[in-house]
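The following block contains the structure, expressed as C-alpha cells.
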Amino acid sequence: MAVTDHGVDHARREYAKPPIKIFKNLSSKIAAIPMILTATVIFIGCSGWTIVHSFTNSKLLPKLDFVGFDQYERLWSSRRWLISVENLFIYGLCSLVFTLVIGFLLAALLDRKIRFENTFRTIFLYPFALSFVVTGLVWQWILNPEFGVQSIVRGLGWESFTFDPLYNSDIVIYGILIAGLWQGTGLIMCIMLAGLRGIDEDIWKATKVDGIGTVKTYLVVIIPMMKPVFVTALVLIASGIVKVYDLVVAQTSGGPGISSEVPAKYVYDTLFGRQNLGQGFAASTMMLVMVVIILIPYVYLQFGGKKDQ
Amino acid sequence: MKLTKALLSATALCAAATTAHAVDLEVTHWWTSGGEAAAVTQFAKAFNEKTEHNWVDGAIAGGGSTARPIMVSRILGGDPMGATQFNHGRQAQELVEAGLMLDLTDVAEAEGWKDVVHPSSLLDACTLDGRIYCAPVNIHSWQWLWLSNSAFADIGVDVPANWDEYVAAMPALDAAGIVPLAMGGQAWQSSGAFGVLAIAIAGQDAWKAVNIAKDADVAGGEAYAKVFDAAAAAREYSKKTNVQDWNQATAMVIEGKAGGQIMGDWAQGEFAVAEKVAGTDYTCLPGLGVNAVIDTAGDAFYFPKQDDPEVEAAQKELAALMLSKEVQVEFNLRKGSLPVRGDVDLAAANDCMKKGLAILESGNIMPSGDMALSPDTSGQIEDLMTEFWSSDMSAADAQAEYAGIIADAD
C-alpha cells in the first residue's frame, strides 16, 4: 500500500512529463510482487477455493460434486459445533475484557514509578515466552485435582475444598481461560505500558494543576489518548481468540466429553481425522464469516472516517 | 580366454548384486505403548536380518487419531513413506481409489495369501476391484472385558463370569474405594466400549442391522434402548477414572485400582509387559462373557506408491515377510493379537489368546466397526459417546441422537 501511494505522490509532483505510471518506482514494485502474489493467490485464492469446496461432498480428496448447503445444515445441527461456537464466544468475551482490564491495570500500577519495576515487568511478561502447548500442560497439572491446587488446599486442612475446572463440563472453558489469561496478559501489559510512557509529562502536570484525581485522569484523559494502543491490543487479542486451538488440545483435548471443544479443533478434526473435507471447509468458512463480521465494523471505524476529512 | 570369461561373469555377478540395493524403508505406525513397541520390533528385526534392506522406524505417538492425519497428509503431499499402518477397512479407501497405494496382488498370489489368510474377510477389506492393496498383519477384537482378580479378592467376591455378575459387584467395588470400571477419557475408548456393549446386549443381528445396513429404526429401537440403559448405568461407576490414555486405564486394572475395563485384546500386551498371568492375576471375558463373539478388526500395512523400482521391490519383500509364518507368531505373541494365518502354531499363546483362537476357529466372528462405518460416521459416534460417558445426558436423548447419525451414515 505504502509503495503505491508513494508512487502516486511522485507522479503528481512531476506533472510536466507525461509519466508511464507502471514503470515508476519499478524496483519497489518488483520487490512487492511476492507479497502481492502471496496475498492474491494464497489468501484470496485459497479462501475462495475453500469456500467453493464447502458446497461439495468432498471426503478425503477434494471433488467438485456440489450438494448445496447440506454441509452447513449438518454443521449447524451438530451439537459439537454449537458447543464449540458457544465456547469460543465465552472465551472470546472474557478473554477480551479481562486481558484489557488486567493488562491496563498492571501497566498503570507499574507506571506509578514503583521500585523493581524491571523485575515485575519481566515476571509479568515471562509467561508469554512459553508456547500455548507448554502453558496448557502446566495448567493442566496445576488444575489437576489429584496433585494440583485442590490437593494442596486440602492438604492444608480444608477437606471439602473442590476446584477441578478441567474435570467439570460446566466450567471447563474457564479453566482454559485462566491459562490463556496467564499467558497473554503480560504482552498486553507491555504494550499498554509503552502507551502510558508515550503520554507527555505535561499532561499529568496540567491535570494536577486542574485538581483532577489520578483515577479520573486515567479514565477521562489518558485512556482516550491511548486509542491507537488499545486498537493494537484489540487486534492482538482478537486474533489470539479466533485461533485458540493448541491450548485446548494441550489442556483437555476437548474434554470432558465435548464440553471444551472450539471451532478450530472441529475444523482440524473433520478435515484430517474424519476425512471429511466438505464438512471441515464449511466449518472453516463459518470461522471466516465470524472474523469478517467482527472486522467490518472495525475497518469501517478505523478507515471509513478518513475519507470524509 | 577362460580368464576373460571368469572376469566377465564376476562383473556380471557384481552388477546383479548392486542392482538389488539396500533400501532404507521408512515405516510409520502408532504402536508406542510397551507391548506394542515390543511387537513392532519383531517386524524390524526380521526385516533387517532377513533382507538386505533397513527398517527405519517412524513411530508416531498419540494414537491412531493423531497419527492417521499425519500419514494421510504425507501421502497426499507427495512425501510418501515406505509403508504405513492403517486399520484395514475404510480408513485408506480413498487413497487406494486415488491410485496412491502400491498394488500387492502379485505378492499375494506368489505367497498364496488367499489360501492362508483366515478369516478371508481380512483380505476382502484389503481388496478393491479384485486387486489387493494391503497386507493384514493381525486380528484385533474389541469384545473383551479385563478383570483384576486382586480387586475382586479385596472385596471378597468371586471374579465375575459375565457382565451381569460384574455389574452386580460394582457397588461393592465402589464402596471399597476401587474404581469399578476404568474408562479412559479419549473419545474412541468410550465409543468402542459402547460397541462392545451393543454386541453383547443387543446381539449380533441388531448390531449388523445398525452398523452394516445402517437401519436407523433398529438404532432407535427397543434392543438398543437396553444398551443405552446399560451404558448409562455403567458410566456412573466409571466416573472416578480420571485418566486419558487406554494403557493408563489398563494399568489401573493391572494394579488392582480398578475392577475392570472394556478394551480390545491389545490390552493383553500391557498385562504381558507387567508380567501378569492370565487366569491368576487377571481374567478375560470375550464378548463380556455374554455373547462369545469377536470382531475381526486389526492392523494392516499399506505401501504408498513410489517411483523408484528398487523401493517397490523392498516394499513387496516387506509385505511378504510380514505375513510369513515365523514373523506372524513372534509379532502376535507380543502384541496380544491373533495371527492372520490359520496355519500357524501358537503353542506359546496364553489363556486369553487361546480363548480368542477358539472363537476364531468356531467362526463366531463379525466385521469390525472400522470396516462398516466411514471415519466420518465413526467420528460423529465418538463425539456422541464421549459426551454421553462424561455428562449426565439421558439414555433416551443419546439414543435419539445416535439414530440420527446412523440415518445419515454413508
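Residue numbers in this text run from 1 along the chain shown.
Note that Cβ sites are derived from N, Cα and C of the backbone, with glycine treated the same way.
Okay, so TrEMBL annotates it like this:
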DOMAIN    A:85-300  domain 'ABC transmembrane type-1'
TRANSMEM  A:30-52  transmembrane segment
TRANSMEM  A:88-110  transmembrane segment
TRANSMEM  A:122-142  transmembrane segment
TRANSMEM  A:171-196  transmembrane segment
TRANSMEM  A:217-242  transmembrane segment
TRANSMEM  A:281-301  transmembrane segment
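Surface or core, plus neighbours and distances: that's what I need for these features.
Residues of the same chain lying 6 or more positions beyond the ends of the transmembrane segment (A:30-52) and with a Cβ under 8 Å from any Cβ of it are 3, 64, 281, 284-285, 288.
For the transmembrane segment (A:88-110), the residues of the chain that approach it from at least six positions outside its boundaries are 117, 120-121, 124, 173-174, 176-177, 180-181, 184-185, 188-193, 195-196, 218, 223, 230, 233-234, 237-238, 240-242, 244, 262-263, 290, judged by C-beta separation under 8 angstroms.
Sequence-remote contacts of a segment are chain residues at least 6 beyond its ends whose Cβ falls under 8 Å from one of its Cβ atoms, and for the transmembrane segment (A:122-142) they are 106, 148-149, 166, 175, 178-180, 182-187, 189-190, 246-252.
Tertiary proximity for the transmembrane segment (A:171-196) is limited to same-chain residues at least six positions away from its ends with a CB under 8 Å from its CB atoms, namely 87, 90-91, 94-95, 98-100, 102-104, 106-108, 110-111, 121, 124-128, 130, 132, 135-136, 138-139, 143, 165, 222, 226, 228-230, 232-233, 236-237, 240, 244, 247-248, 251-252, 255-256, 259-260.
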Can you work out which residues elsewhere in the same chain, 6+ from the ends of the transmembrane segment (A:217-242), have a Cβ less than 8 Å from its Cβ atoms?
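Sequence-remote neighbours of the transmembrane segment (A:217-242) are 88, 91-92, 95-96, 99-100, 103-104, 108, 180, 184, 187-188, 191-192, 194-196, 198-199, 203-204, 207, 264, 287, 290-291, 294, 298, 302.
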